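Notes follow the structure.
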Amino acid sequence: MIMNQEYIKVRGAKEHNLKNINVDIPRNKFVVITGLSGSGKSSLAFDTIYAEGQRRYVESLSSYARQFLHLQNKPNVESISGLSPAIAIDQKTTSKNPRSTVGTITEIYDYLRLLYARVGIPYSPATGLPIHSQTVSEMVDIINELPKGTKVYLLAPIVRGHKGEFKREIMNLKKQGFQKLIVNGEVCEIDDLPKLDKNKKHNIEVIVDRIVLDESLGNRLADSLESSLNLAEGITYLEIVELPPAVKTEFEKNQRITFSEKYSCPVSGFQLTEIEPRIFSFNSPFGACPKCEGIGKEFFFDRELIVPDQRISIKDGAIVPWGSTSSKFILETLKALADHYKFSIEVPFASLSQNVKDILFEGSGEEAIKFEFHDGSKTQIIKQPFAGIIPSLQEKDRTIESVLIKEELAKFKSEHKCTACSGFRLKDEALCVKIANFHIGEVAGMSIAALQKWFSHLEEKLNKKQLFIAERILKEITERLKFLMNVGLDYLTLSREAGTLSGGESQRIRLASQIGSGLSGVLYVLDEPSIGLHQRDNTRLIETLKRLRDLGNTVLVVEHDEETMYEADHIIDIGPGAGIHGGRVIAEGNAEEIKNFEESITGRYLSGRQTIKVPSETRVGHDNRSIELLGAVSNNLDNVDIKIPLGTFTAITGVSGSGKSSLMIHTLYKAALKHLETTSKVFPGKYRELKGLEYIDKIIDINQSPIGRTPRSNPATYTGAFTHIRDWFVELPESKARGYKVGRFSFNVKGGRCEACQGDGLIKIEMHFLPDVYVKCDICNGHRYNRETLEIKYKGKSIADILMMTVEDAMQFFEKIPLIYEKLITLNEVGLGYIKIGQSATTLSGGEAQRVKLAKELSRRSTGKTLYILDEPTTGLHIDDINKLLKVLHKLVDMGNTVLVIEHNLDVIKTADYIIDVGPEGGDKGGKIVVCGTPADIAACAESHTGRYLKQYLE
């Protein structure tokens, strides 16, 4: 008899579309929740079980602590018992902050900083030799090189960039007889110090001695140095207050020389004041490169963005930031330049000489130009150098305070590696410290796989003392690297920015971090961890999930992957359909048991009763026309040449990190877009040549970014259906009688919307210790419109009622109105019949947003010359939804278009006409074309990881 506490018992769950369901989830097991997209899987896993677990934990904290945390709303459920503390690892990407990297998220970089601080050896950038500490005698010799009569201060830096009031330290200095301090750059009497803010960082130096250098000093200098070094833990500053007049010297007034008993280069004078973890942090002023402030990149005004289309003339607006020279001042400036340098502003910019272009962009230097400015009857003549477009933009960027103007100027900027730190983000002081000939920036730039290999041989290169100090640090680093390898992220580098990671990658990084934490007794809720993962790496991911379970945790995974289902201890199938047609528990048990449930669509596919069929023949394309990309070398691409047959369904495959997105999105898509839309601000990866663009008229990347940033955007507005709905309402007799225009039926502008909630339908109430509460607007009752607008009805329904309809209901309602029906039927075709047409864009998942975009494309009149690119369109899709999606994609191809998908899903790959397999591995070992051809060709290639798994699907 199984005891009750062996289950998480959910009773009466009614969140979103869940239909009062009861479910028992085995504790300390690996459980998969599956079902069609929109069936209610996430509603059960995240919005009910995780939300309640998190809410109970937060409610147990003090009210003071709760105000700093986001409180989950209480889910619509009668009871949940047996619940553990819950941790959600979802698809939302990690921080977009450029300072957040793979190394900082996983904490490996923190251990690396500690390792370098404790066993790293500093080397002089000038000589390449190890840096040794200075003795007091060596310091005296350096000071004696200053001209006689030089007035200096000897300073002991007792506080360097720390917060506090330092009352005790100052009291001790008083007792020792010191009279003067330099506090935050100001010389102060010790009895008359400014009050220090304990929450701000301060610098305090003791003036140990004030000396005028001459022969008669004797031992005074050495004694003062020793006192200063003792006060400041081996560091002292010498500040040159005054140099003797008429003496030529390399030294300067107010110059500071740092002396350290620790590290200093006697040849170049390069010194390290400390080797502490903070100097290896690019998020600390003590470690960050001063030029790029730890970002590793510099931004500059780019000539190609300032003049994106050189085919037009200056007069017609070639210089984009200066507009179409409509400003009289700008036009007269350019005319004066043209007269002086003998060029025309009416010819294409490309035909101007390189010298003229350089002068336009960078200025005329010291050469003065005669400018005539006319203001009515007045004429002003000025003779001065021309500043140049780029220097004038830089000056404007530096002096302007308007955020809007700064954003406008940013459109003309590109980025490149910081020239000071070579993109490593750190000061020279940090980059001169090395272990086994590598500085920390070089180590962070290695792939996880290369890093694991480097660390496995590192022990041989450390001496006994270093090994003793580093033993525990090395254990922590190698453990974390192993976990990252196990979740298929061996191709990432520690320096990779978090904002550039896909949802699947960031989720697996957090998964690896959780295993590293070693927690037990926790409920982990994961959202499709297999996304973005090649079938080859899936086994390692499943083993990782099992290891998490074996630590004594309950692992609850929302997943569609068949292999994961077969390996799970228990499966809960939610369905049978999506939206209102879902929300019930259809089947429970292991994979074999699920197969026997007739109502379970998942069971039908697992048992083979229903399948995605392999096409009987493959398309060959349009008259052998193709797009050819030659010599692609961005990121890890190794001088790649590819040919994409037009009029086909082409799949780009390969293991994670092999270079698929670099090839298709960063190079092909951006290069084609730049050619087809000259004003687009995109930066393609490097390539030699792109041929065949004359055969297409547009290239569209249908990605998973939101269809809108505000709750006002919805599927009806995005697809254009709402425009036709509003037009229809305007034509109704009652609307005409009242004189209503189209704006009357918009919730974005004044007129017809409810002004109490400004068309949102909800009013936000801020709660101090609780989450913000959204309540229905009591004026419009959540309908968004005012009473007069809602009085206009079609078939008994107001415009607010129509926005609340699902796509399926709206199709039936408008079946006699072709303009509206055609927009809605495409939403249904892509499997979104369950969503409400007025559903807020912010509540749509990435997969749903992508399919709304696909529906919009389907509803357009096809030219048959469009190239569509989709990056993993199966994200978040059940196998039955994938079947529907494939019909839509093949329909686009049948209309004459070309569809290019980057995909790991073998059910999609097997239906492709043509496959380009990139690899063979990820990272440095990828970036090559392994094989191209039909699915049968790929399956026959022994070197292709994709081919090996695809073979089983073709049999």
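Glycine too: its Cβ is placed from the backbone N, Cα and C atoms.
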Would you mind telling me which of 754-780, 808-834 Swiss-Prot tags as zinc finger?
-> 754-780
When you measure from the Cβ of G654 (ATP binding site), which residues in the chain that are at least 6 apart have a Cβ under 8 Å away?
-> H534, K660, D917, V918, G919, G926, V930, H945, T946
Inside 10 Å of the Cβ of S658 (ATP binding site), count up the other Cβ atoms and send me the figure.
-> 29
S656 (ATP binding site), DSSP three-state class -> coil
What kind of secondary structure is S39 (ATP binding site) part of, going by DSSP in three states?
-> coil
